[in-house]
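What follows is one structure encoded as structure tokens, with my remarks underneath.
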């Protein structure tokens, strides 16, 4: 409804509930600014929350139904007004609202006031009072002959108990009952009225306690029936039914500010000294665990106690309160002995609470886990003794019952005793205490009911007392109100369900009152407006599927739990019942009650619903010597009582409907079911030995209902056993539902009257009205539901005059004419409503669609009704009426304002018009002139600017055109210049090549001619001195070990021998076929050898021949190769000269490879040999001449010569190996002569056979079979395996040893039968080469003069035949790529690189699969990490695996051994758009490794799983972090592989463009990754360095190196952080690698771990002593390492600590290569000098 500015409205307020406010203004979004009148402050609030304020309603209403605009705000305001004037009672219809004043109000309950409410006709004239409610109930019973009920509800402390007592006093006074009944044979001179009053102190003492909210809080529900004789309506009897006694208050109170039941404090602090001594009690409550509380609270309780009522302000002590209870018990015909037994039971409960338990220990002080009675306190033993004494059984038996539990065995009658734990014993103790009190309370209630029967009833045929069936009753229900605590359990669920049932009944009652009002006014009434909470109630009590039924079912399950119960609730009612709410919190559910939404915690529901005590404890109590205790737990008497009550119930059910269900059948005691808040036990037998009368329970098999779980029949022991089990299955919820249904059934059969008690404040202060607290209670008790019911109908009801006076302002807008002489308010009101209603419907028709129109016209109720005296208006029409009124008032105000504004403006206009007319004329003329001039100037400026812009545009276009022409001209010039230069370069290159070719041919022809001439001369000399040569050869074969440096004659002999052996070469012989069979010397050869002599002419010939050999060796060293023509001429020449043939012993492992051109630059040395300890690197170039350059310190295995087995490039691209014949020189410091020692470790030489010199040339006779033509040569660096190059006269020594031996082999020209050697061996392919020269050997001889290395001593082993050497050299020879062209060589390399790339991709896919299958999927399935951490740790690893799998399939698609059809470039180009994933993966890598380290520290399951994976053979011992970094490492390797593929791919190959494009893309990605970029650059430098060493390209050990690499198993890799500055060392085991740091526990732990696995620690190599091997990073365990085999066949990997160490190593590599190049250059110069000297000689 629209409100005007300045209107007074009701505004919601958090503290005051509602406040009056004045509207100041409207804001955007329906926000209203209101000034609160009481608080003088401004707030902004939504317009929808404002409630209408009617000044006529702002006054004191005794009946709030009279309020016209009934709302929450006006109800709250009216109650506050009346409370301030001490008017605590207010009507709202037939509901009485009572507010607790917390003070005495004078004469409010005096006899005079009571007498005013004796006449029913004076009720409306008298103010509201609780007497009026009692009077209305009494008169209704009298006049209608119908039972009545008065329901009193409200929260604790609102005055419910006092209200019930007030009603009881009124009814007793009104009935004028006689003091006794003459028909009662047991006339005790006590009237029923007195009995009813005397029962109140007993019930309050045993059922009330002090809480923080109420000093006399009833902890149970009570329904008191006061019966009246139908003849004279005098009180004739009474009965009490109790509900939900709070038994948990016995053992567990919320805090020290809450006390236990009053009776305990009366007994402790009010009993006499003799009584305390007899009961063993002390007068201090703090000495009892069940009573201990705050001292201030106990003192306050003593002051406020008044005769047990607890409600007064007297100063009576507790002895008087205890005495009042005793007197009340005696008045209930309870004998003194029975009273003593009651107090004895109470004392036993207190002593029982002081029994403490502790864990029992065995003799050796070990904990057994079972409980025992605490022996540390003497008070515990005293309490145990007192409990046994008071309850009437032996102490030891009771003790065993608390400590042990009996279990039935599988056999017949077998029972086992099982000790209990401490908590179980404590639970048994507390359960026993609660059971004793609850059953004692029920027994007292039963005795009170029996007393009521004795005073009013008569004996039946069986001698018992029965009530008359035709009596009427008035029931007073004192029930707990709605509860919504911070923690709500099963107790609150049952309480709120009770209030739901009562609210349903209340709604029905209000509905009937509304119907009555409508019928009086003649208004049609529809039941569709009824507010019903039936669905909410069915949610609780629906059979089989209700909340309580499901709870009972779950309690019967063997493994039932609250979790499964909640799952059943959610499955059954989630999204199917609007009142059930599924909550997010664990173990909770929500219910939408009429008073608000409540969240319940399900913890402990099953135990509370069962609420049992051990059977042995109950059996022990039933056998007590105490009569009271025995009667409380005697099953036979209980069953008898059940049978009697069942018979009474059956007879009562046959009575008429008006009185049968509420007459004397209900006077038997009705005990309450237990609960933890208001609780008493069910199946445990913890309640009164009584039955509830009435209809049979749906949970019980008989017509009666046993509260304690007793038997319906006790005819036999078997029946007792079976029935006991059956009754024990009845739960607390089942008892509660049955009792509640009976109560509601009883109430529904009566006329109900309501009293809603309100607590004005929380602090229980007088004259303090807390609006917000009162408002919440009004909602909880259902008062505001009355407002809702009215608003569902016609909430606005006014008489005709009031309506006309308010809405007569809209008559003009409605065009309604009024007859002022005769005004008919009824007709005018009707005419106004009809016109407004018509407009309202028209507006709805314009706004709504056709469906909504049909709904309005057919389904909606009439918007107004006109009664006899009132007008009933709906909310919608009322809002529209108020809007029309507002619009009418606004329209009137606007018209008035417009009229006065018009007059004012008109007068002002006339005054200003004449004075301004002249001035306006002048000003306008001057302004027009200036405007014209300004327009002319602006127009000129505009034209000038346009002209300039046009000229500027033309100029720029011309400049652009000229620039374009100039650019085209320059491009043409550059293109022409480029073509010209290319043509010139091409011509110049061709010219130079032709000149070089001509010069080379010329020189070769000259040399060939000169060589032929010399050979012709030598042939002549050979013929003359042949006999002399033979004799000298025989002498040389018998020589011992010679020293070439000390015997000049040896040189002469060598020269002669060399000259002689050159005459038997046969170049046309077939290739040498392994093995070479040695031939025996013929007799002719022996005689020839013996006839040879030494003469000056012979020496001259030998010198000439030696110079020829030196020239050949020099040509080979400097790359001089013969052309095809010269080769043919040489062959022809050799054929003419008896077919000379040469055998070359080479160190090339790749023999058979085509011989590349030799360059003038000497090749650097290869890395040191394999099969040895690492050789240290020289620190700089300064130590190049050091004799210990290649020395190895601390080599325990061997000294001297070592060889190189393999050498690796980065990755697997160019892993090479050297020849097994390579020799290394090393001075032996152990020998005094300082002579170097030579050793070979590749061939199987014996110590007696001298080593074979690398690249030596021997001539062989043509008579050797299998040698037909020369084997192609391999150019050998002068420094390769280079100790020979540094030795003086080493070549001469070699020739000395080899020439005679081989010469002797060639003396015979006729084939003969071969002789089998004693120790045959084969000649390795790596020891024989096909074409060579003696230049390298000659250079070694020449360089001896400038070398500082001592001359080596070569020892010769004596040999008597030529077979020894041949036997030693007989090794297999493999065929090589003879005459291979460059294209074929490139093709071969391309195949190897592509195969390497496929293997690399295969390894990569395998590693990615390991990450996904071994790590990612199990971690995700086992939920070892969160989803976020898994995404951060593994990033795009699954996508990368899929992509690379597709790449591998594409590469392996064509099984082409030549790799011609494999499109490497196109394959990688197809996946290039995924390359950016590597950038993302790399940027996330640091965070991933950080998460990995953190989770390994704090996440034990994750850490254990990683350790488990380390032991998995699939992972090869690599940790997870090594696999995580593999994608970035792999993308860094691709550029090298792609570049190598491009290098050996022809330009016309179809895959070449794709390769170049993908190379650019991958390189760009790699460059963007900082770490990968650094690694790639470092790899490239190493590749460039190794490319500078000659001979590496011809080595083919790539597959062998890969095999070695993959065989190495990495067990564990420990990575150090960047902050660690400790030096790193690599510890090696059997193929197990561990990277650690010094000074940490990781090292010792790892070593101990390997020792326990019986793994031997083999080596420890610091960086300073490492081999020449390289690892770019400690993480690159697979991609940048070289595996070196030592004697123990372990794997060495070098890991650098930092970039400085790596840079130092890199410099050492450079220095070594430069040193080797310089050494080669010096040796080449020495060879030239040697040749010059020989020629001169």
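Keep in mind that glycine also has a Cβ here, set from the backbone N, Cα and C atoms.
It is 754-761, from the ranges 754-761, 762-769, 770-777, 778-785, that Swiss-Prot records as region 'Actin-binding'. Checking Swiss-Prot for region 'Disordered' across the ranges 1266-1290, 1366-1390, 1391-1415, 1416-1440 points to 1266-1290. Tertiary neighbourhood of the domain 'IQ 1' (889-918): same-chain residues 4, 809, 813, selected by CB-CB distance under 8 Å and a gap of 6+ residues from either end. Summarised by DSSP class, the composition of the domain 'IQ 2' (912-941) is 30 helix, 0 strand, 0 coil. Across the domain 'IQ 2' (912-941), mean pLDDT in this model comes to 92. Helix, strand and coil counts from DSSP across the compositional bias 'Basic and acidic residues' (947-1028) read 81 helix, 0 strand, 1 coil. As a summary of secondary structure, the region 'Actin-binding' (754-761) carries 0 helix, 5 strand, 3 coil according to DSSP.
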